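Engineer: Following this message is one structure expressed as structure tokens.
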Amino acid sequence: MLQRIYLDNNATTRIDPKVKEIMDPFLRDHYGNPSSLHQFGTETHPAIAEALDKLYKGINARDIDDVIITSCATESNNWVLKGVYFDECLKKGKNHIITTVAEHPAVRSTCNFLESLGVEVTYLPINEHGSITADQVKEAITEKTALVSVMWANNETGLIFPIEEIGAICKEKGVLFHTDAVQAIGKIPVDVLKANVDFLSFSAHKFHGPKGIGGLYIRSGVGLTPLFHGGEHMNGRRSGTLNVPYIVGMGEAMKLAVEHLDYEKEVVGKLRDKLEEALLKIPDVMVVGDRVHRVPNTTLISVRGIEGEAMLWDLNRSNIAASTGSACASEDLEANPVMVAIGASKELAHTAIRLSLSRFNTEAEIDKTIEVFSQAAVRLRNISSSY
């Protein structure tokens, strides 16, 4: 069987064997409902508490109760935006939300929905580097602004947004601040207190944990109307039977992610740079976005004259997994939205390929990818009508 190379880690990651190992007893033996009063339920409580401890420490939250378990970051993002709509827009008349054009569809689409309910949403444009400035946020805030929602790191370019500066502005202005940290956790340090964040969304499967489990940090003292009703789970904030094995797995994945931050920077970052430098030797290849202020595992490459989907399938035939952008929208085959937002032509925006590494990738895999990608570029350009 040919070697398979996985370079789509911004879409999802393989589960760490240590995570799988710690989850296994709760799938086989300790399967009781944590809300039950008998021993099958109560024996799960220490493991849940330990997992929550790992989670809140991993993002430097103030208290273990500040982290609420959800099914994924999409739920967390929806909860924040819709909860703020109920708490701030309807009850207090603060009918304005600020976000960016570069957000994940889980934020953008929810904002579109809120617009249909009468909420005014400002979508801040990104500059030619793929980022925004804190001053843009400051200038957009009005007396009616209820929430600012800006991702910590972009899922396509890997660009890191100025979260600490934005957090300071929001604190000064008395505006709630939410960040989608899905692409930041496990790649760079995330500190909710230092960043003055009120809400932070994350998802375990993006840092080598299981799919179907995520979390929402809610700063102590900040209220948020529940999205789900029907139980008193998570101190009455999020109804639904606790998914014990996945909570345990997510906690361990967070612990391992924090422990590997230096490895991400020193080893994964160097592998990404090696891949990038080799591909830039191909004529008419460019890296999209700022190459300095970004997470260490991600590169968004544009190969002029080659449709991103064509390159994607050519790589796939060689057992190399990559992406043309967000996996949540990859079946749409639309032009890369970040490239469109920075002003690239629609034709050029269709040429984007995202390569995202993890701590499980090897140098041999990168060497093989360079070889296959370079050969594919020549072959596809020979049959391209636009090059």
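Keep in mind that glycine also has a Cβ here, set from the backbone N, Cα and C atoms.
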Engineer: Which candidate from Asn60, Asn95, Asn112, Asn155 does Swiss-Prot annotate alongside Ala73, Thr74, Gln183, Ser203, Ala204, His205, Thr241 at the pyridoxal 5'-phosphate binding site?
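Structural biologist: For the pyridoxal 5'-phosphate site that includes Ala73, Thr74, Gln183, Ser203, Ala204, His205, Thr241, Swiss-Prot also lists Asn155.
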Engineer: For the binding-site residues Ala73, Ala204, which one has the sparsest Cβ surroundings, going by other Cβ atoms within 10 Å?
Structural biologist: Ala73
Engineer: Using Cα coordinates, what distance in whole Å links Asn155 (pyridoxal 5'-phosphate binding site) and Lys206 (N6-(pyridoxal phosphate)lysine)?
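Structural biologist: Approximately 11 Å lies between the Cα of Asn155 (pyridoxal 5'-phosphate binding site) and that of Lys206 (N6-(pyridoxal phosphate)lysine).
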Engineer: Assuming the binding residues for pyridoxal 5'-phosphate are exactly those in the record, Ala73, Thr74, Asn155, Gln183, Ser203, Ala204, His205, Thr241, what is the maximum CA-CA distance in angstrom, rounded?
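Structural biologist: If we measure all Cα pairs in Ala73, Thr74, Asn155, Gln183, Ser203, Ala204, His205, Thr241, the largest is 30 Å.
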Engineer: Identify, in sequence order, the residues in the chain of Thr241 (pyridoxal 5'-phosphate binding site) that are 6 or more apart from it along the sequence and have a CB within less than 8 Å of its CB; answer 'none' if there are none.
Structural biologist: Asn33, Pro34, Ser35, Gly231, His233
Engineer: Given the binding-site residues Thr74, Asn155, Gln183, and counting only Cβ atoms in the protein chains shown, which has the most within 10 Å of its Cβ?
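Structural biologist: The residue with the densest Cβ neighbourhood is Gln183.
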Engineer: With Cβ-Cβ distance below 8 Å and at least 6 positions apart along the chain, what are the contacts of Lys206 (N6-(pyridoxal phosphate)lysine)? List them in sequence order.
Structural biologist: Asn10, Thr12, Thr13, Ala73, Val182, Gln183, Ile185, Gly186
